[in-house]
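A.B. asks: Okay, handing you the structure first.
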Ligand SMILES: NC(=O)C1=CN([C@@H]2O[C@H](COP(=O)(O)OP(=O)(O)OC[C@H]3O[C@@H](n4cnc5c(N)ncnc54)[C@H](OP(=O)(O)O)[C@@H]3O)[C@@H](O)[C@H]2O)[C@@H](O)CC1
Ligand SMILES: Nc1ncnc2c1ncn2[C@@H]1O[C@H](COP(=O)(O)OP(=O)(O)O)[C@@H](O)[C@H]1O
């Protein structure tokens, strides 16, 4: 498969997509991120995504995921609001099992996707792509992408994606009409409008459980804080996701540097996000 030109997202690119809250802002104006993630098997995915969203800077995180997970989320981040209400963007699916979804949960996910609001679809929410009505980015890794395409009658193996991730990301964006962030040592982002961006990850220590859940939280926070822009510029979701991927990569670098280049955990990456955001704002 042949693809167009891909360009590496830079710190200056990312910096241009960030802004500080102003004197007129309040928590609602800055943006509320609605989060439906986690499951009894994977409560940690919800905790990590919510942590990362708070650390990126958002007016409020409203967690309405499974009741069994709420306690863990609130214990880690008591700032989180756990009652349903108005939101400006959604993070859906991390730590969920698409093959074991209650009727109620399916309804809540569908309701979120029918809202016309910006959405991040991760992990156990990926199968719902196509029911989205707002600016949406899907965030699969290679196995998840192969599974998604296979389920849509597009034959594809993990080995084929490894051989040409750019082409498969682009084909997915075209055929599913959605922005795609394909995770890996090089993360590929593209959309049906032809935007093609790479983010070369800063450290291979990132290849550890839960770092993708952290990335989902960062994208969700940026989507919520940019909801007004996204309402008239849906294509901005790809640039915001690229900015999130770069923040995530830089946070991993910082977290590893703090240990002389040693290993990082997903939570370390989330904790390093504010310093990265601060540094980008000062550029
Ligand atoms: N702390 C948390 O709560 C975290 C929660 N997380 C959440 O977990 C969910 C699943 O996400 P994932 O990414 O683990 O699922 P994915 O890779 O699609 O499927 C797994 C399958 O891959 C295969 N397999 C391949 N190689 C393998 C190997 N070497 N060793 C073992 N297996 C190997 C193997 O299949 P098999 O080959 O056995 O058929 C296996 O069954 C998702 O909702 C995510 O958000 C995670 O983010 C982690 C932190
Ligand atoms: N070899 C690698 N080098 C650097 N970064 C990687 C590598 N493999 C994966 N990553 C990054 O690590 C994160 C892993 O996300 P994901 O696969 O969803 O993990 P999880 O589901 O455990 O959270 C992604 O941001 C991805 O780009």
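Glycine is treated like the rest: Cβ placed from N, Cα and C.
So TrEMBL has the following annotated:
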DOMAIN    10-280  domain 'YjeF C-terminal'
BINDING   45, 95, 141, 213  (6S)-NADPHX binding site
BINDING   183, 184, 185, 186, 187, 212  AMP binding site
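Structural setting of the listed features?
C.D. replies: Here the domain 'YjeF C-terminal' (10-280) has a mean pLDDT of 97 out of 100.
Residue 213 ((6S)-NADPHX binding site) falls within a helical segment according to DSSP. Sequence-distant contacts (6 or more apart, same chain, Cβ under 8 Å) of residue 213 ((6S)-NADPHX binding site) comprise 37, 44, 45, 46, 48, 49, 52, 94, 95, 122, 123, 266.
Of all the Cβ atoms in the protein chains shown, 14 others lie within 10 Å of the Cβ of residue 186 (AMP binding site).
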A.B. asks: Can you name every residue in this chain, apart from 183, 184, 185, 186, 187, 212, with its Cβ inside 8 Å of the center of the Cβ atoms of the recorded AMP site?
C.D. replies: 141, 182, 188, 199, 201
A.B. asks: Looking only at 141, 183, the binding-site residues on record, which one has the least crowded Cβ, with the fewest other Cβ atoms within 10 Å?
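C.D. replies: Output over binding-site residues 141, 183: least Cβ neighbours within 10 Å is 141.
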A.B. asks: Could you tally the C-beta atoms, other than its own, that fall within 10 angstroms of the C-beta of residue 95 ((6S)-NADPHX binding site)?
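C.D. replies: A 10 Å sphere around the Cβ of residue 95 ((6S)-NADPHX binding site) contains 27 other Cβ atoms.
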